[in-house]
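Feature annotations, reproduced from TrEMBL:
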{"type": "DOMAIN", "residues": "B:313-497", "note": "domain 'ABC transmembrane type-1'"}
{"type": "TRANSMEM", "residues": "B:57-78", "note": "transmembrane segment"}
{"type": "TRANSMEM", "residues": "B:85-104", "note": "transmembrane segment"}
{"type": "TRANSMEM", "residues": "B:116-135", "note": "transmembrane segment"}
{"type": "TRANSMEM", "residues": "B:168-191", "note": "transmembrane segment"}
{"type": "TRANSMEM", "residues": "B:211-233", "note": "transmembrane segment"}
{"type": "TRANSMEM", "residues": "B:260-281", "note": "transmembrane segment"}
{"type": "TRANSMEM", "residues": "B:319-340", "note": "transmembrane segment"}
{"type": "TRANSMEM", "residues": "B:347-371", "note": "transmembrane segment"}
{"type": "TRANSMEM", "residues": "B:377-394", "note": "transmembrane segment"}
{"type": "TRANSMEM", "residues": "B:427-454", "note": "transmembrane segment"}
{"type": "TRANSMEM", "residues": "B:474-496", "note": "transmembrane segment"}
Amino acid sequence: MAEIACTGVSKLYGDSILAVDGIDLTFVSGRTTALLGPSGCGKSTLLRLIAGLEEPTAGTVSIAGDPPAALCRRGGLSIAFQDPCLLPWLTVARNVALGRKLARQAPDPQRVDQLINLVGLGGFQNARPAALSGGMRQRAAIARALITRPQVLLLDEPFGALDALTRRQLAQDLPPLWQEQDATALLVTHSVDEAVMLADRIVVLSPRPARVIADLAVPLPRPRDPETPAFRRLAGDVLAVLARGGEQAQSLAAQ
Amino acid sequence: MTAASRWAGLAALLALWQGLALAGDGWLLAGPVQVAEWLWSNPGPTGRATAATLGNAAWGFLLGNGAAIGLAGIAALWPRALTLVAGLALVVFCLPLIATGPILRVLMGPGDGPQIVLAALAVYYTTLIPLLAGLRAMPQAWLDLVQSYGRGRWAELVHVRARAALPYLLAGLQISAPAAILGAMVGEFTGAERGLGVLTIRFTRDLDVPALWAAATLAAGLSMAVYAGIGWLGRRALSDPPPVILAAPRPVRGSPARKAAQAALLIGVVLVLWWAAVAGLNPFFARRPPDVAAALLWAPDAAATRATLGAAVAQTAGLALPGYAAGLALGAGLAVLLTLRPGLAAVTVPLAVALRSIPIVTTAPLVVLLLGRGATGTLTLVALMVFFPAFVACQQGLAQAPGPILDLFRSHASGPLRQMLHVRIPAMLPALFASARMTVPAAILAATVIEWLATGQGLGNLMALSASVSDYDMLWLTMVAATLLSALLYWAVAWAEGRVLAVMATEQVRP
């Protein structure tokens, strides 16, 4: 079980840029949470703090009671960055397999193949990143994040570069992969539809500095269809919360 | 530029050379036909000399580059060591080969030792600096990826940094291959039994013009061949071409006290290494730091020593600095001209590559032969040494101008000149500064070589003089003075570079 606990987490850059302000959140195993907020609000910073890539200025982050680095060292955490960050000298298959190598896990070519096919890159195993479109690279990066069967999966705008059809397909196909292994999944996005499509819970963040302005459950059955009235109604509600958060922030700034 | 135009350019150059030789009186310039005839009729000595020089250069190349790769790896694994590694590398690179050569000869005796060590010293820096840049030349996200799996600097080095640095390593190796031949030849100047350096000295003394030009052509041909050979290997090993070396010096962070402490540590380590290097050797020639300090500061004739040394430093700096500035200006100017008028490149680029590869010890006698022993010769040689690296770097820098910004200018119907002023020249600045830094020791080396061989002035002459009369205090002092002169000029350029790039190219100064 890899429960993530953020307690009073703040991050200050330099003397004046407060990116994250006093976040108190807990993320439980087997659930997918979307961190939703406007561009530049500090969502990615929060994700980096949870991944242990940055230290909070105040507060603590723990995973299963330990600092994030402990789980990282055990190879139990995977992150798919906003930038696919594939190594240009490796083929798609080797880029995906790199995840296992870095996590000190035994090679598993069969699973590499299976994941590459699942993200729609079948036939591109031996292609290098330069030969792929932005969306294809993004899919390879998602496959790399999943290859280690992580206990904690962090996805930073993973579908940002994908076309609408692929995005919808992956949103149907991918969540079962991490749900079946009871992973704690955190998804950073600014797309309301993506959040409702993928998550069991949506945490809405304010414009910078990131503060929690709403914590909503997504009680829709899977697979989800964005055209259904229930989906649209929930998406509308979330959008309204997001808009109110923006207005509140503006009025606070004006004061 | 196509292969056909490159060959046409080369043919035009050879024709021009032959034409000039025919127009002259035969006392200054031997044409390619004469050179070929001489080489054909003297295969034995030239073959043996070439083999000796190549063998020593190859050993030096291996040792120097091995040291550079090891030190760059240390700096990648322990970033705190970077300041010390880069500082030591600079000091070693600034050691004047002309003075180091005689000292090594005395320390190591006859044989190939000094040639190999000088070749290693000549290549070490030209590989280390690109490699240090290459080990940092990657998006932060690649390192975050490794870190997100809880892996440390070793995994970063193995999985990301080493491979990302490979193009930079190959670029460094390519530049260092001709430098190894230069180092070996300087070593041969200091009393070796065979080698192209030995032949060059003999032919200069004999005023044997065809033989001198033949030795120079052979040395240049060898340098160009190893340069082209490593370039070819690099192209085979990498699908992408080697990058331009643009990384600015990493700014030293921290308070003035911390910077002063780092400088003091560097000086301390240099002095300890110096002491260690001469330990156990005869103090008559293996002078230690206190001996040299005494000779300069408190020995009975210290005032005279200071006056002699000061005058020599002033003479060397007085010619090296204007030559250096002229070389940089000409290199950048020609690069700009060729970007505006690309048709001229067919002739100038092969010439640039050829002259870039020629060891200075062969250029110097030819420059003296053509321009005499006055200030013009020194200025020209220094400018030549600086001109070609600056030209090549600036040309690549100009090509780095971001395409979308050029498109933006084109969409407003801006002409090539306006694009040059507003986009290409700012994009070229990092390359210009990088070459300006790298060529500082080369400028001082050029000035001391020509002073040593021809002008009878400055630090180079003082080095030759003190070596010949066994005044080892003065010889070590000239070495320290030339090293300090190079290092101070280098740091001055690096300081200016940091200031300019912080405004013009912020992405280049990020650590």
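Using the three backbone atoms N, Cα and C, a Cβ is placed for every residue, glycine included.
Under the criterion of 3 or more C-beta pairs below 8 Å, with sequence separation of 6 or more, the transmembrane segment (B:474-496) and the transmembrane segment (B:85-104) qualify as touching. Long-range neighbours of the transmembrane segment (B:319-340) within the same chain, counting only residues 6 or more positions beyond its ends whose Cβ lies under 8 Å from a Cβ of the stretch, are 348-349, 375, 378-395, 397-399, 416-417, 420, 424-425, 428, 432, 435-436, 439-440, 443-444, 446-447, 458, 485, 489. With a cut-off of 8 Å between Cβ atoms, the residues of this chain six or more beyond the transmembrane segment (B:260-281) that come close are 83-84, 87-88, 91, 107, 252, 287-289.
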